[in-house]
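Undergrad: So TrEMBL has the following annotated:
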DOMAIN    24-399  domain 'Serine hydroxymethyltransferase-like'
BINDING   L136, G140, H141, L142, E260  (6S)-5,6,7,8-tetrahydrofolate binding site
SITE      H244  site 'Plays an important role in substrate specificity'
MOD_RES   K245  N6-(pyridoxal phosphate)lysine
Amino acid sequence: MSVTDAAQGRTGTTRSWTVPDALRRADPLVADLLSAEAERRTDSLQLLAGENVASPAVLAALAGPLVDKYAEGYPGRRHHTGCAPADTVELLAVDRARQLFSAPHANVQPRSGTSAMLSAYAALLRPGDVVLAMSLEHGGHLSAGSRANFSGRWFEFVGYGVREDDGLIDLDQVRELALRHRPKAIIAGGISYPRHMDWAAFRRIADEVDAYLIASAAQTIGLVAAGAAPSPVPYADVTVAVTHKLLRGPRGGLLLCTAELADRVDRAVFPFSQGGAAMNEVAAKAVALAEAATPEYTAYIGRAVAGARSLAAALTAAGARLLTHGTDTHLVTADVSPLGLSGLDAERRCAAAGLMLGKCALPFDPAPPTETSGIRLGTGAAAAQGMAEPELAEVGALIGTLLRDGPDPRIGARVRELARAFAGRG
Ligand SMILES: *Cc1c(COP(=O)(O)O)cnc(C)c1O
């Protein structure tokens, strides 16, 4: 069976995006740019850790009539009239989130992961409070303490990190820092940590110092939905997630919390940090949350995780050094300095061959942040388009050969062939 047959067997038909007539007529310039983006996607493989391919049903909901609706507030308590369908859509999304994650309460209104973080802080903290979080250099997100972000400006962040020898979170250090700095909140999780989180251990440390526990689960919430990673929900006071990464939903944030904190979290979203919610996004979140409860989604997550493992093995075989020596998730973070390359060199060389992955500063990275020594990859988008272990092992081998032996036009040609064969939305 050819690659194309395999892809079509898994994803139905291969499709690329066609510009709707209304857009073509009204704005040919934007229409052309969107066509160029669709073409770029068809000709290259998307391996950026935070990217995915939204499902066709999610796209349809995003473009639906709720794009026009103003619905400030919450169902039954809106500031605008005419909210009956919008109310039911939001209740449905909240209900599906609660069920999927066994969460006492959910808020589906945050416009992004960063604004969901802002709301989590607003619910639990006051400006000037001490927060213990994974340091940015070791994989923390900018919304967890960057000086350029509200978080680092308004709160006193103390950073924990990973161990230099095995790349794992140093829980002894987390506890020591918690006892020394007495934070009001501890944030567990980050953007590039490829291993399962020990949420229970973080909870014990938080309890010991009477701190809130915020789970930063944007990258892993899709694994949790499929039962492929331990859930933070039973342990965290507030879980912060997004729907546009592994959940294959619209760009947007998601907050889960205890019943006790429900009102505070809701008020921290609206009216504290947002006005009217994007109700088309809320509708698309409802769709994505229903899709994430299906056996097809569980199979998809299985492909993403198995694919990441085989991709990681191929990179190791080529001479890259894996952070934490492997992965439990869809994420792979690798040091490419043993191959004589910077992260930026690797990113550029791969992009030229149609392999879209990201340079990534590693813990203890001696290289400047603009260059870095690492690359980070995720298998979410590729698996959503139907790729599984054999294809992702091949992709890993292509990347490995490219990084080890230098550019080769045959690699670019093979990548394009794979990308076109798997260009559909699963
Ligand atoms: C992706 C991510 C975010 C931010 O999401 P945005 O929607 O880009 O604001 C926050 N925290 C973590 C850990 C993430 O991985």
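Placed from the backbone N, Cα and C atoms, the Cβ positions cover glycine too.
TrEMBL annotations: computationally assigned, not manually curated.
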Undergrad: Just how many other Cβ atoms lie inside 10 Å of the Cβ on H141 ((6S)-5,6,7,8-tetrahydrofolate binding site)?
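TA: Within a 10 Å radius of the Cβ of H141 ((6S)-5,6,7,8-tetrahydrofolate binding site) lie 24 other Cβ atoms.
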Undergrad: Which recorded positions from the list L136, G140, H141, L142, H244 come close to ligand 1, meaning a Cβ under 6 Å from one of its atoms?
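TA: Once distances to ligand 1 are taken from each Cβ, H141 fall under 6 Å.
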Undergrad: Would you kindly give the Cα-Cα distance separating the residue listed as 'N6-(pyridoxal phosphate)lysine' and G140 ((6S)-5,6,7,8-tetrahydrofolate binding site), rounded to the nearest Å?
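TA: For G140 ((6S)-5,6,7,8-tetrahydrofolate binding site) versus the residue listed as 'N6-(pyridoxal phosphate)lysine', the Cα atoms are 17 Å apart.
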Undergrad: Could you tell me the C-alpha distance between L136 ((6S)-5,6,7,8-tetrahydrofolate binding site) and K245 (N6-(pyridoxal phosphate)lysine) in angstrom, no decimals?
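TA: So the alpha carbons of L136 ((6S)-5,6,7,8-tetrahydrofolate binding site) and K245 (N6-(pyridoxal phosphate)lysine) sit roughly 20 Å from each other.
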Undergrad: For the binding-site residues listed here, L136, L142, which shows the highest count of neighbouring CB atoms within 10 A?
TA: L136
Undergrad: C-alpha of K245 (N6-(pyridoxal phosphate)lysine) to C-alpha of H141 ((6S)-5,6,7,8-tetrahydrofolate binding site): distance in Å?
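TA: Cα-Cα distance, K245 (N6-(pyridoxal phosphate)lysine) to H141 ((6S)-5,6,7,8-tetrahydrofolate binding site): 15 Å.
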Undergrad: Just to confirm my parser: what is the rounded mean pLDDT across the domain 'Serine hydroxymethyltransferase-like' (24-399)?
TA: 97
Undergrad: Measuring Cα to Cα, how many angstrom lie between E260 ((6S)-5,6,7,8-tetrahydrofolate binding site) and H244 (site 'Plays an important role in substrate specificity')?
TA: 27
Undergrad: What three-state secondary structure does DSSP assign to H141 ((6S)-5,6,7,8-tetrahydrofolate binding site)?
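TA: H141 ((6S)-5,6,7,8-tetrahydrofolate binding site) sits in coil per DSSP, no helix or strand.
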Undergrad: Between H244 (site 'Plays an important role in substrate specificity') and H141 ((6S)-5,6,7,8-tetrahydrofolate binding site), how far is it from one CA atom to the other, in Å?
TA: 16
